[in-house]
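Working notes, beginning with the structure itself.
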Amino acid sequence: MRYLPCLLLWAFLQVWGQSEVQQKNYTFRCLQTSSFANISWSRTDSLILLGDLQTHRWSNDSATISFTKPWSQGKLSNQQWEKLQHMFQVYRVSFTRDIQELVKMMSPKEDYPIEIQLSTGCEMYPGNASESFFHVAFQGKYAVRFRGTSWQRVLGAPSWLDLPIKVLNADQGTSATVQTLLNDTWPQFARGLLEAGKSDLEKQEKPVAWLSSVPSSAHGHLQLVCHVSGFYPKPVWVMWMRGDQEQQGTHRGDFLPNADETWYLQATLDVEAGEEAGLACRVKHSSLGGQDIILYWDARQAPVGLIVFIVLIMLVVVGAVVYYIWRRRSAYQDIR
């Protein structure tokens with residue numbers, strides 16, 4: 001059987017020695033999305049992530065895997081990388097053909113269009129410990145996993161998957177290859193990348209935060225928005241506060257990537273108009289060294305009041321000058 005991604009990666013076992021001991025957890029993920037519109041049209045795109053950083057990209061329209069980092073080759077020589085890439089190329093052609101055969105076998109229970117996602121890799125822990133995973137989603141829903149020595153249908157997945165899973169598990173060669181992939185290949189390849197990309201992975205970028213407001217969908221309410229951008233790594237804590245009290249109505253949106261591989265996040269709070277006084281947005285991030293960012297909503301309003309005050313003072317001064325000039329001219333005319 002050739003259903004599985006990266007089956008020939010067992011050859012990697014000859015490549016690496018021991019890497020430096022890491023100080024934090026990282027996730028290494030190989031992601032694949034395959035779409036089959038019909039028996040004659042399909043598309044497969046893949047990428048590899050180490051932590052939050054993308055290290056490789058493979059478009060359906062490209063015959064070769066693209067590096068997205070200078071260190072994406074890890075500890076592999078050029079020859080070793082070319083050999084690996086060829087294995088991936090053989091795999092992609094085989095995967096497409098095997099899925100088409102699977103659809104024929106399962107028809108009419110399942111038919112086109114079909115969407116399949118694969119996620120495989122490992123969680124890496126300090127001390128060279130790791131835990132690998134291999135998950136498969138069908139039509140956008142988690143359906144199959146590889147655990148121990150066999151493939152398993154997950155709870156809630158359609159029962160018709162039992163047949164292809166039985167076929168897969170009967171192929172002892174494939175099962176052994178997947179075990180090698182998960183137990184040896186992924187952890188060693190990932191640690192080679194970790195060592196090569198250490199400086200990028202350990203960088204710290206401080207967040208920038210600012211406040212704004214938008215009309216709320218609720219009548220008489222205002223939605224306060226705390227924007228946080230430009231931070232790396234991804235974990236961040238953002239909360240609306242009143243004094244020391246966290247505002248449980250705080251809603252945090254999705255993390256959005258910036259072009260420079262930093263992140264953006266916003267936290268909103270819906271309040272009654274006039275109740276925003278005394279609120280503040282608090283931001284915690286590893287790059288801040290414990291010096292949290294605290295933005296007070298009242299302080300945001302201060303510049304507006306200050307501007308109004310300055311304008312009023314200027315009007316008074318201008319008025320006084322005009323009055324002084326007018327009095328001087330009047331006095332001069334009286335003398336004449």
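From the backbone N, Cα and C atoms, a Cβ is placed for every residue, glycine too.
In the shown protein chains, 18 other C-beta atoms lie within 10 A of the C-beta of T174 (D-galactosylceramide binding site). Marked as D-galactosylceramide binding site by Swiss-Prot on the basis of similarity to another entry: D98, D171, Q172, G173, T174.
The annotation disulfide bond is assigned in Swiss-Prot to C226-C281 on the grounds of sequence analysis. Under DSSP, C281 (disulfide bond) is assigned to a strand (E or B) in the three-state scheme. Proximity of C281 (disulfide bond) to non-local residues of its own chain (separation of 6 or more, Cβ distance below 8 Å) is seen for A209, L211, L224, C226, V238, M239, W240, M241, A267, I293, I294, L295, W297, given in sequence order.
Under the heading domain 'Ig-like', Swiss-Prot lists 207-297.
Residues or ranges marked as signal peptide by Swiss-Prot on the basis of sequence analysis: 1-17.
Per Swiss-Prot, the feature transmembrane segment maps to 306-326; the stated evidence is sequence analysis.
In this structure the residues listed as binding D-galactosylceramide are D98, D171, Q172, G173, T174; their two most distant Cα atoms lie 17 Å apart. When Cβ atoms from all protein chains are considered, those within 10 Å of D171 (D-galactosylceramide binding site) total 16, not counting its own.
Each residue of the domain 'Ig-like' (207-297) gets a DSSP state, and the totals for helix, strand and coil are 4 helix, 52 strand, 35 coil. Counting Cβ atoms from all protein chains shown, Q172 (D-galactosylceramide binding site) has 9 others lying within 10 Å of its own Cβ.
Note on D98 (D-galactosylceramide binding site): other Cβ atoms within 10 Å of its Cβ, all shown chains, come to 15.
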